[in-house]
Amino acid sequence: QDPLPWATCPLNTNRTGYEEECEKTSSTQYFWYRQTLNISPSLEASGSVQWEQALCLTLAWLVVYLCILRGTESTGKVVYVTASLPYCVLIIYLIRGLTLHGAVNGLVYMFTPKLEQLSNPKTWISAATQIFFSLGLGFGSLIAFASYNEPSNNCERHAIIVSLINSTTSIFASIVTFSIYGFKATFNYESCVNKVILLLLNAFDLEEGSLTADNLNEMKDYLMATHPQEYARLLPQLKNCSLEAELDTAVQGTGLAFIVYSEAIKNMEVPQLYSVLYFVMLLMLGIGSMLGNTAAILTPLTDSRVIAARFPKEVISGVVCFINCVIGLIFTMEAGNYWFDIFNDYAATLSLLLIVLVETIAVCYIYGIRRFEKDLHTMIGHKPNWYWKIMWAFVSPLLIISLFIFYLTDYILTGTLQYQAWDATQGQLVTKDYPGYALAVIGLLVAASTMCIPLGALVTFIRKRLKRESVSTV
């Protein structure tokens, strides 16, 4: 629609001005937190289920169910669309982003290394988690899809290709993001400067054109020296405009996807076109992720003789999608975004590190790297070179253990876990401590995804013990 629904603040009930909450923040943030999420002030105020979000969630799982109904072959065909369409949109955004005013500022900011960030363990934890998420390591989706490969499949070549495509896509998407981010930061900075100039021109009755962005600081010093009292009264209204500060306010997750991009889109020409392209791309990426993760759950269930013999694939797929949809309803409540952050931050961060570490140790030291080497020789026709063996046996486990220690140390030093809550009275996010029951849920999430390892080992041990006893009695 024209204008975009998040382009301006809505009028208040008396139609005498804008909504008070929106005036304290930006129109984009107001649209996201109040009109889209209708977010509650804290995790304790859970609120009711938002029917629009619940309907969209149900439709999303219905689409996923229809895609996986006929098995992996139909899923693969859908993934061609969900994987290729985002690239087309990113190319369009790259061309548009690089031509935007201020795009260079964002790219310079992106490629300028910040030593204080590189020395921060949290940076490396975030980087490792991002790699796990983007490659699907530890989730089971890679193993699930790989189980359908032919025995002669060249997995070494595919591993290299997938890794290169993943890293190249990350850099490519970052260039697109930071070019648009630079445009947004430059736009905000120049808007701030223009407001300050207009304020000074009106307050001191200066000539039009006498104040510019280049001489603003000198003129401020001059006015402060010549009109100290008037300048002091005006000082609370004068914002300290800084391009660096605008660029430093980087966000991630939902903030980047739904606020920063939306903020930039509304200031582009033909914003309706770019908003439709962008949100269709997000939808495709979301469905692609849902398909991959659902396949990781369905494959072992459908391969199980006990379950597959009693229930057809359509029923198993339907039950899995239904359970996921019901659990997802938690995220559609007024406090749903806070629960989403809990699942996003804690369900698959520490557990991913542990799962991938155990997988590496199991293959290299329990199954044995020589046996694994023979298996690969049978598949690809030659033995893997020394580089792979060093990475598998030494480098990867050491890196993961280091990250694991960093994560635990950071958790211990942080103390009480906190989250960002939306304060409608201030029109901004405020930091709050998680309540006791939320900490219990966090503990259960971490335990639920990692307990399968010791439980699986225990079940295997009991089975082998019982088999030995049965053999010895015979």
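Each Cβ is built from the backbone N, Cα and C atoms, and glycine gets one as well.
Quick look at what TrEMBL lists:
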TRANSMEM  51-69  transmembrane segment
TRANSMEM  78-104  transmembrane segment
TRANSMEM  124-148  transmembrane segment
BINDING   SER134, ASN166, LEU285, SER289  Na(+) binding site
TRANSMEM  160-181  transmembrane segment
TRANSMEM  276-298  transmembrane segment
TRANSMEM  319-340  transmembrane segment
TRANSMEM  346-369  transmembrane segment
TRANSMEM  390-409  transmembrane segment
TRANSMEM  437-462  transmembrane segment
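Annotated features taken from TrEMBL, shown on the structure.
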residue : record             : Cβ neighbours (10 Å)
SER134  : Na(+) binding site : 13
ASN166  : Na(+) binding site : 13
LEU285  : Na(+) binding site : 16
SER289  : Na(+) binding site : 15
Annotated stretches the transmembrane segment (319-340) and the transmembrane segment (51-69) touching (3 or more Cβ pairs under 8 Å): yes
Stretch contact, the transmembrane segment (160-181) with the transmembrane segment (390-409), Cβ-Cβ under 8 Å, 3+ pairs: no
Chain residues outside the transmembrane segment (437-462) and at least six past its termini with a C-beta under 8 angstroms from it: 43, 342-343, 346-348, 350-351, 354-355, 358, 417
Positions whose Cβ lies under 8 angstroms from the transmembrane segment (276-298), at least six residues beyond its ends: 60-61, 63-64, 67-68, 72, 75, 78-79, 81-83, 85-86, 89-90, 92-93, 136, 139-141, 143-145, 257, 261, 265, 313, 316-317, 320-321, 324
Maximum Cβ pairs under 8 Å to the transmembrane segment (124-148) - stretch from the list 51-69, 346-369, 390-409: 346-369
For the transmembrane segment (51-69), sequence-distant contacts whose Cβ falls under 8 Å of one of its Cβ atoms, 6 or more beyond its ends: 37, 75, 78, 286-287, 290-291, 294-295, 298, 314, 317-318, 321-322, 324-325, 328-329, 331-332, 336
SER134, ASN166, LEU285, SER289 excluded, remaining Cβ within 8 Å of their centroid (Na(+)): PHE133, GLY136, THR169, GLY288
